Each structure stands twice: as structure tokens, then as C-alpha cells.
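The next block holds one structure in the form of C-alpha cells; read it before the comments.
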Amino acid sequence: MGNTGSTSPASLGKAHVPHLQWKVHDFSALLETGAKSAKSAHFHCSGYKWFLKVTPPMHQKPGAETPYVGLSLKLGRTTLKPGDTVNAVFELSVYNHAKKIYYGRKATHNFDLNNTCSKDECLIPLQKLLKSSAFLVDDSCVFGVKILKIKVCSPEKKAVMVLKKATTLQNLFIQKKGLIKGTYTWTMDNYHELDLKRYVCSPTFEVGGHKWHVGMYPHGCRNITGHISLFLYLESSDKLCDESGKVVELTLSILDQKNGKQSTITSGLSVFGGDSS
């Protein structure tokens, strides 16, 4: 688990100008959904695509009583090369509207194809956030991340500089009512033939007014092998513009036809836009 120190985040000072500023509207609605987490759309830094993830609530340790709001940083898998390790030093933060400054924690993580997400950092106790008029304004809060340093261990031995750039602004709106639900079943009668292929794509299906398909890697994706990898994709002909996205929570299942049981995994809330890799 992430940081287990002070129960309150420290001021990061005026020097903390985040690469991503992510405003989560209707924060109480996010809690009501029961989602495990919510993930931003991507932002760019030093040639890589990154995502910010919030986990409300989380606990410092299993069985701990005090729930926290946790933040973590995710590196886009499509921008990583096999054999590369990206060591990143970064600051995760929440904005204090009263003092007009970010509060948060500094963290570090080694990213590679087997480990694309940092540990959750316990940023602020959930109840403190909910009762605060400084961190939570009109049921909305602002999270941020600033990447301080990147070091890449690569066969190419390339150097990476973190350049100053304008802050990327994103908004996440959570619907309290009217969530659209849909299911799709992909039946593969010729699976043994498909097993010989590297990648297989399902027929297109429609949910929520958009077209989707399921992608399957029978032997795993990239250097993660030995198991089936499943992904949900928005059809390329149905891409959303960069300024918008769909908030999606998905469940992927495989049916064990012998005993009728399903192997299931459920994602957190993610912003599905032009690229969610």
C-alpha cells in the first residue's frame, strides 16, 4: 500500500504546477456508484501517455477503520516498449480552494509492461474531504499530478527530459441517474482455430449509442503471456473528440461451460475517449 504517514496532506507550495488538473464533479455521486476507482483521460508528458486514478474510499492497511481518498499514477501501456523500465518521481495532489494551493504527497515508482500503475497514496481522510469547505466545493474537488523526474532504463539508453508545459485541464461528470447498461455475449464456436492467432476481434455491438468491440489476445498481450487478455474498444469510426469522453465501468467474464461458473473481473470507472490504453 502507499503512504502510511500523516493523516493530512502537506502543502506543496507555489512550485507545484500540475501537468494534469482533474476536476471531479458530483463527488458524492461517485461514492454512490460504489465504483472501485475512477480514471482520467490521458495526458502527455515527455513522450508518454499518463492517467490519474482516484480510489474512494481506500484503507492504509487491510482492516483499518479510517477510509482515505487515494491517488495513483498510471502509464499508458501503448507508449511502453518491451524491456523498458520508466522510473518516475511525481507529486499527487488535491486543491485547497481557501488557500489557493495544492496539498499532497511526493511518490516514486518503476513502471514497466508488467507494472503500469503506481501504488495508491493515501492522500486525505475521506470524511475530512467530505466535511471540508476548502477541498470540496459544490460537491466537486480538484486533483492534480506533477511529474518531476523521469529516468528510463532501456536497451536504447535514451535520455528523457521533463519539460515545462501548460497544465492539461480535464473534467469528470458523474451521472446520478439514467446510467445506461448493456450486455454483449461473444460466442466462439471455432476457438481452437482462433487460438492459433495473435489477436482476435469480436463483431461490433452497440451500447449507449456507440459502437464497441471486444479484442482478445489468446496468448496474452505484448510480453504478458500465458493467459488470455481481453479488452473493450470503442470503434475507430465512432471516436469521441479529445474534449469529451464516456464514463464507463465494465465487467469482462469468461464462462466455464463445464460447471456453469464465470471468471469475472470488474474495472473502475474510466473515461473512454480517443485513447484509453
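Each Cβ is built from the backbone N, Cα and C atoms, and glycine gets one as well.
Automated prediction, rather than curation, is the source of TrEMBL annotations.
Annotation source TrEMBL lists domain 'MATH' at 17-147, 181-277.
Across the domain 'MATH' (17-147), mean pLDDT in this model comes to 90. Taken through DSSP, the domain 'MATH' (17-147) splits into 16 helix, 71 strand, 44 coil.
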